Amino acid sequence: MPNPKKRAEKAEAASGKKNAAESVKKAAQEDEQWSKGAKGTSKADKDAEKRAEQLRKKEEKAKLEAEEAKSLPSKPTAAARGADKAAARKTGKIDDFMKDAGLSTAKAPGLSATNIDDALDALTLSSKANKGSKGLSASDIDRHPERRFKAAYAAFEERRIAEMKAEKSGLRLQQMKDVAYKEFSKHPDNPFNQVTADHNASKEELAAIAAAERKKVEDRLAK
């Protein structure tokens, strides 16, 4: 008959081995889980560092571009260029204008010019005087202004609308067109505001019109 004491000792030894094996298994599982967690944390940290580096480089690039833009001379806007041209037209560097054309009002005694428009008229008269002409030629007189009106207005309207948009006038398109049409009615680019004559005018009539126009310009510039 087996000894009860020995049976108890064997059972206790077997239980101890089982517990030891379970402890080893549990420890191995914990080590594995910790290893996985450490790897996951490491990857997340690396991704975060990579994003931070990309953001830093992007901000640095933007800063350098801004500093470079500040150092470059600014280009005048279309509105500014238009304003400069308008100012030049009003105040006018008349002497420079006439000098560039190779002429001066001194070649036409009694004439003076206070703006670019007057300078153009003075230039025309001076040129005619130098060539011995008594007035404007027949080719300067338009017999059919109605034929050129549509194209002339289309070009003027396109230019003025572009200028008003550049000036940020706040007007709607139709309002800008209305403004352009009103301005064109008195503008020198309007064929009807230029020297005109009937389509069947004779040479004598054309000569008289040219002489009268020349006299008007001379009287205006002589003031």
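Keep in mind that glycine also has a Cβ here, set from the backbone N, Cα and C atoms.
The feature compositional bias 'Basic and acidic residues' is assigned by TrEMBL to 19-29 (among others). Taking DSSP states H, G and I as helix and E and B as strand, the compositional bias 'Basic and acidic residues' (19-29) has 11 helix, 0 strand, 0 coil.
Here the compositional bias 'Basic and acidic residues' (42-70) is broken down by DSSP into helix, strand and coil counts: 29 helix, 0 strand, 0 coil. The compositional bias 'Basic and acidic residues' annotation in TrEMBL covers 42-70 (among others).
The compositional bias 'Basic and acidic residues' annotation in TrEMBL covers 82-93 (among others).
Positions annotated as domain 'LSO1/LSO2' by TrEMBL: 7-68. Looking just at the domain 'LSO1/LSO2' (7-68), the mean pLDDT is 74.
Among the features that TrEMBL reports, domain 'Coiled-coil' is placed at 110-194.
TrEMBL lists 1-93 with the feature region 'Disordered'.
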